[in-house]
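Engineer: Would you mind keeping the following structure in view while I ask a few things?
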Amino acid sequence: MNQATFIRQLPKVELHLHIEGTLEPEMMFQLAQRNQIDLPFASPQEVKAAYEFTNLQSFLDIYYQGANVLIEEQDFYDLTWAYLLKCQQDNVIHTEIFFDPQTHTARGIHFDTVIAGIDRAMKDGLEQLGITSRIIMCFLRHLDEESAFEVLEMALPHKDKIIGVGLDSSELGHPPEKFERVFSKARDEGFITVAHAGEEGPVSNIYNSLELLNVSRIDHGVRCADDEQLVALLAESKMPLTVCPLSNTKLKVFDEMRDHNIVELLRRGLCVTINSDDPAYFGGYMTDNFRAVAESHALSREELALFTCNAIDASFISEAEKCVLREKLDDFVATA
Ligand code: HPA
Ligand code: ZN
């Protein structure tokens, strides 16, 4: 089989995916109509034309606006189900999904409505598509600590559905230390922790996420390359980085895919993974991200499979579940 087919059929595991970032313009229009919400765009084509980003903030402004069409539990179900169908197409066998409760609670949508819709779709995803999944709740770092504590309180009755907490939104000006106490409480409550760090922000955000937030993965983390000691530390500790290639070029973290450091980091022994972040906004789901990297960097099949192998190691599932995923990967590689 050629490399394009190998990449499409390769079993994949996604660890960095914002469910609000899977809202395709067509669904945005459908939901706007269903919920009688005015959109500042005349058509899905006009929405797509507005997706020209200069940095993270220019994306976030439009991304939070898009989420306004999500109102009812069924909306969150439909959104999540559409994403899981994309997973099926791309041979994603396991996914760990972020959601941003504050984006919704700030508009008067109940936390329980959001989680119920996402969770119901994930249960159907397991039953009907055989895709396993987990949910991670993110705090919006541009909001204050008090708001994060409030949303953590809302999450407590849903501990059975939420495996961990994360930190996203505007990295510059909102360092991890702002959330040290909330993360400490979240860990006491049994949540695993992750944080976006070193996407646009400095290496100090990666160090502080590790030291103060006790994270089990760094989301993005590509700026680690600015600090040799940090690269060595990440390699030695096998700290996973959930890298998002198309996101990074769309948000100008790297000018071109050939400038991206993901392959260099992989070859230096870091536990790097490929992920789609906000695929409806950045022009591609998992297969597209793998292909974009492979088209600009000469990658062997072993290296392509290593991205999945790393993601299995870095996932938040039991050893028994990891074994099942490793078997699927090994079976594919043996016959491809
Ligand atoms: N960075 C920060 N916040 C986000 C992102 C991201 O890549 N995607 C959605 N929210
Ligand atoms: Zn992200």
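Backbone N, Cα and C define each Cβ position, glycine as well.
According to TrEMBL, the feature domain 'Adenosine deaminase' maps to 11-331. Annotation comment: TrEMBL describes H16, H18, H196, D277 as Zn(2+) binding site. Annotated active site, proton donor per TrEMBL: E199, in sequence order. Annotation comment: TrEMBL describes H220 as site 'Important for catalytic activity'. If you look up TrEMBL, you'll see D278 marked as substrate binding site.
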Engineer: Using a 10 Å cut-off, grab the number of neighbouring Cβ atoms around the Cβ of H196 (Zn(2+) binding site), all chains included.
Structural biologist: 29
Engineer: Mind running the recorded positions E199, H220, D277, D278 against ligand 2 and keeping the ones whose CB falls under 6 Å of it?
Structural biologist: D277
Engineer: Can you go through the binding-site residues H16, H18, D277 and pick out those with a C-beta less than 6 angstroms from ligand 1?
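Structural biologist: Among the binding-site residues listed, those whose Cβ sits under 6 Å from ligand 1 are H18, D277.
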Engineer: Determine which residues of the same chain, besides H16, H18, H196, D277, have their CB within 8 A of the center of the CB atoms at the recorded Zn(2+) site, and list them by sequence.
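Structural biologist: Everything else in range on the chain: L17, G21, F98, D168, D219, H220, T242, C244, S247, N275, D278.
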Engineer: What's the number of neighbouring CB atoms sitting within 10 A of the CB on H18 (Zn(2+) binding site)?
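Structural biologist: That number is 26.
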Engineer: Taking each of H16, H18, H196, E199, H220 in turn, which of these recorded positions have a Cα lying within 10 angstroms of the Cα of D278 (substrate binding site)?
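Structural biologist: Of everything listed, what lies within 10 Å of D278 (substrate binding site) (Cα to Cα) is H16, H18.
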Engineer: Other than its own, how many Cβ atoms are within 10 Å of the Cβ belonging to H220 (site 'Important for catalytic activity')?
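Structural biologist: By my count, 29.
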Engineer: Cα of H16 (Zn(2+) binding site) to Cα of H220 (site 'Important for catalytic activity'): how many Å, rounded?
Structural biologist: 9
Engineer: Between E199 (active site, proton donor) and H220 (site 'Important for catalytic activity'), what is the CA-CA distance rounded to a whole number of Å?
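Structural biologist: Counting only the Cα atoms, the answer is 5 Å.
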Engineer: Considering the recorded positions E199, D277, D278, which residue's Cβ sits among the greatest number of other Cβ atoms within 10 Å?
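Structural biologist: Per the Cβ count within 10 Å, the most buried is D277.
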Engineer: Where D277 (Zn(2+) binding site) and H220 (site 'Important for catalytic activity') are concerned, what is their Cα separation in Å, rounded?
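Structural biologist: So the Cα of H220 (site 'Important for catalytic activity') lies 9 Å away from that of D277 (Zn(2+) binding site).
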